[in-house]
């Protein structure tokens with residue numbers, strides 16, 4: 001009797017928990033910057049969102065009768081809650097964060113079987129559903145004034161947990177929202193660009209936006225950490241950013257009065273968060289190199305095209321599910337792998353092991 005021979009095992013220092021911890025570390029600089037710039041309301045919202053995500057994780061594990069300790073401490077729930085919090089307006093009410101965590105953990109993750117079984121990135125599902133269900137709360141932007149100059153501790157509690165509206169006096173439009181409104185009013189890009197924040201402010205993050213998405217530099221540095229530690233490969237980020245730059249450069253050259261230059265796309269919204277942290281999600285992205293290129297180009301194209309349709313925060317998270325616009329691209333990744341897997345590899349995978357049928 002012939003017994004099938006087990007395949008070789010790949011060993012790595014990066015367990016699930018270590019991988020999640022590394023991603024959290026990469027997100028930390030941009031997150032801390034956002035918390036400092038937007039102050040106490042952002043801090044309270046962030047903590048509420050992350051803690052509620054972990055609580056929902058434990059509850060789902062308990063209901064499913066799964067071991068709580070290994071899954072609740074692997075960092076996946078914390079990371080999902082962290083990403084949800086980073087995509088929220090900094091002065092959003094506490095219940096927006098809790099609902100976002102519920103959607104991410106209960107609906108987008110455990111409803112499909114838990115870690116590794118989700119069809120879409122849980123945080124992006126939460127973001128998409130929140131934008132559709134709560135457009136006002138999800139499109140209210142605040143100009144960053146710093147922790148010391150912003151609302152006090154007690155005032156921050158009032159804003160986050162009691163719904164105080166006193167902050168309306170300092171509310172502002174995000175870069176993308178401002179451009180859309182001005183174009184709708186008939187202004188040209190040449191007239192709009194001088195009214196935007198300068199390049200330095202957009203790079204560093206001194207602009208209105210979501211809690212952890214404003215600093216292009218810090219998010220890019222976090223992405224570089226993921227590349228250096230080999231948590232991700234450069235293929236998908238290069239495909240996303242390269243496609244976005246190429247399309248915006250062509251359109252800006254052909255119609256400069258209507259289309260923004262590439263640098264504005266790279267420093268607006270959450271392009272870097274998308275390219276390095278969302279599009280590279282292990283579960284929802286391809287594994288073959290060619291598949292990653294196809295997948296990244298698809299996301300980069302959608303990131304450029306969706307704002308042209310006047311959808312709210314169309315670039316938003318630049319991920320596969322942002323405002324539901326990127327959902328089809330996430331669903332295509334198995335097809336991208338199937339079409340791009342080497343023929344020899346596919347043939348070997350289809351051939352039964354010697355003696356397996358005996």
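Cβ atoms are placed via backbone N, Cα and C, with glycine included.
Swiss-Prot assigns the feature transmembrane segment to one of the listed ranges (128-148, 149-169), namely 128-148. Between the stretches 173-193, 236-256, Swiss-Prot puts its transmembrane segment entry on 236-256. Transmembrane segment is the annotation Swiss-Prot gives to one range among 206-226, 311-331, and that range is 206-226. At the 8 Å Cβ threshold, with sequence separation of at least 6, the transmembrane segment (68-90) comes into contact with the transmembrane segment (206-226) through 3 or more pairs. The largest share of C-beta pairs under 8 angstroms with the transmembrane segment (206-226) comes from 16-36, of the ranges 16-36, 128-148, 286-306.
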